[in-house]
Amino acid sequence: MDTMDTMGRHVIAELWDCDFDKLNDMPYIEQLFVDAALRAGAEVREVAFHKFAPQGVSGVVIISESHLTIHSFPEHGYASIDVYTCGDRIDPNVAAEYIAEGLNAKTRESIELPRGTGSFEIKQRETKAL
């Protein structure tokens, strides 16, 4: 590949012991994800979120550089998030950490995968208990 080592960076995060009300609040999650994208320096293109009954939210923020997604399970205090950024200008960990803080996640586990390089190699794995 020409000037980049990868086509992109993909952070997959497991967030546990999150605030129930925040995990179930679609407007809050939508704004949190837009703010996370902007904080990381991304350009927001489109936003789509859905509130499930009786609880839970799924959504995506499309950015010029790729996307941020969430699937929340308030009854378990759990959220599954992905932050994928193309190129090397934006650090997806900035957005992922902002989201974890915003959901008051007490336990976090994440991996970062380089995309577009062929075989997968896990570059980062961390668990934080607060």
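Every residue, even glycine, has its Cβ placed from backbone N, Cα and C.
Taking Cβ-Cβ distances under 8 Å and a sequence gap of 6 or more within the same chain, the neighbours of SER66 (active site, schiff-base intermediate with substrate) are GLY8, TYR84, THR85, CYS86. Annotation note: SER66 (active site, schiff-base intermediate with substrate) sits in a strand segment as assigned by DSSP. What Swiss-Prot lists as active site, schiff-base intermediate with substrate is SER66, and the listing cites sequence analysis.
Marked as pyruvic acid (Ser) by Swiss-Prot: SER66.
Within 10 Å of the C-beta of HIS71 (active site, proton acceptor) there are 14 other C-beta atoms, taking all protein chains into account. Look at Swiss-Prot and you will find HIS71 tagged as active site, proton acceptor.
Sequence annotations record features per position, and here Swiss-Prot assigns active site, proton donor to CYS86 based on sequence analysis.
Around CYS86 (active site, proton donor), a 10 Å sphere centred on its CB holds 19 further CB atoms from the protein chains shown.
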